[in-house]
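Peer 1: Checked Swiss-Prot, it gives:
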| type | residues | note |
| --- | --- | --- |
| ACT_SITE | His96 | active site, electrophile |
| ACT_SITE | Glu165 | active site, proton acceptor |
| BINDING | Asn9, Trp10, Lys11, Gly171, Ser204, Gly225, Gly226 | substrate binding site |
Amino acid sequence: MRRPVIAGNWKMHMTCAQAREFMAAFLPLVADMPNDRDLVLAPPFTALSSMADLCKDSPIALSSQNVHWEGSGAFTGEISPSMLKEHGVTYTIVGHSEPRKYFSESDEQINHRARSSQANGLIPIVCVGETDEQRERGEAERVIRRQIEQGLEGLDADLLVVAYEPIWAIGTGKTCEAAEANRICGLIRSWVGSPDLVIQYGGSVKGGNIDELMGMSDIDGVLVGGASLQPDGFARIANYNVA
């Protein structure tokens, strides 16, 4: 039985003070959240310590927004799995389209990050997705399959989450039709060959489309960007209801 994972990625938003203000408003809104799902927040590294305290005795698990594959060393600006675990982190986001685009992250590097996460008891959320140009050229499936085959090599499918995020839908207000997102998620499941693999959808997820998305047979959760920055909006997503 696949357990849904609802995750919010704060990206480069929220100081510690802002995180505390958010949580003061958000926690009461998810106090009665159904217990058939997992709720995850990925704050900036600087807010992890504060968030670890704020999330105690709550249904919220913490994720990092990235992780390095080495345990220590001369890797300026990076952070190791053990450093994250010290702050109560249980998930790591790897392969997001922004580091792929802005820092030229390769599928091989993403695989190293994901494998290091699993080796250290963390659950990687591995992001995959196509650009608008690739979609228009009919290359979406080929691109995503390559990302899956190279990015997930050597990983335990029972200890990871895959997030399908069509890049053209991230932060644009454009949303992939639920049926099409479901079709791609189903393809990913077949390529990996694991019926129990948890697969999220990400890309302009909001309160107005969460129920439809979560009603799809192959969508097991969402990875939320901008809508996770507002307590009311993200609480609506966390408390989704599938009729």
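One is the number of the first residue shown, and numbering goes on along the chain from there.
Even glycines carry a Cβ here, placed using N, Cα and C.
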Peer 1: Between Gly225 (substrate binding site) and Glu165 (active site, proton acceptor), what C-alpha distance do you get in Å?
Peer 2: 11
Peer 1: Could you state the whole-number distance in Å separating the C-alpha atoms of His96 (active site, electrophile) and Gly171 (substrate binding site)?
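Peer 2: Cα-Cα, rounded: 13 Å.
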Peer 1: Restricting to the same chain and to sequence separations of six or more, state which residues have a Cβ under 8 Å from that of Asn9 (substrate binding site).
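Peer 2: Same-chain residues close to Asn9 (substrate binding site) (Cβ under 8 Å, separated by 6 or more) are Ala42, Ser63, Gln65, Ile93, His96, Leu223, Val224, Gly225, Ser228.
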Peer 1: When the number of other CB atoms within 10 A of each residue's CB is tallied over all shown chains, which of the recorded positions Lys11, His96 has the maximum?
Peer 2: His96
Peer 1: Between Glu165 (active site, proton acceptor) and Gly226 (substrate binding site), how many Å separate their Cα atoms?
Peer 2: 14
Peer 1: If I restrict to non-local contacts, at least six residues apart, and a C-beta distance under 8 angstroms, what lies near Trp10 (substrate binding site) in its own chain?
Peer 2: Leu41, Ala42, Pro43, Pro44, Ala47, Gln65, Ser228, Leu229
Peer 1: Over the residue list Asn9, Trp10, Lys11, Gly171, Ser204, Gly225, Gly226, recorded for substrate, what is the maximum interresidue Cα distance in Å?
Peer 2: 14
Peer 1: Which Cβ among the binding-site residues (Gly171, Gly225, Gly226) has the fewest C-beta neighbours inside 10 Å?
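Peer 2: So among Gly171, Gly225, Gly226, the binding-site residues given, the one with the fewest Cβ atoms within 10 Å is Gly171.
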Peer 1: What three-state class does DSSP give Asn9 (substrate binding site)?
Peer 2: strand
Peer 1: Mind giving me a neighbour count for Ser204 (substrate binding site)? Other Cβ atoms within 10 Å of its Cβ, every protein chain shown.
Peer 2: 20
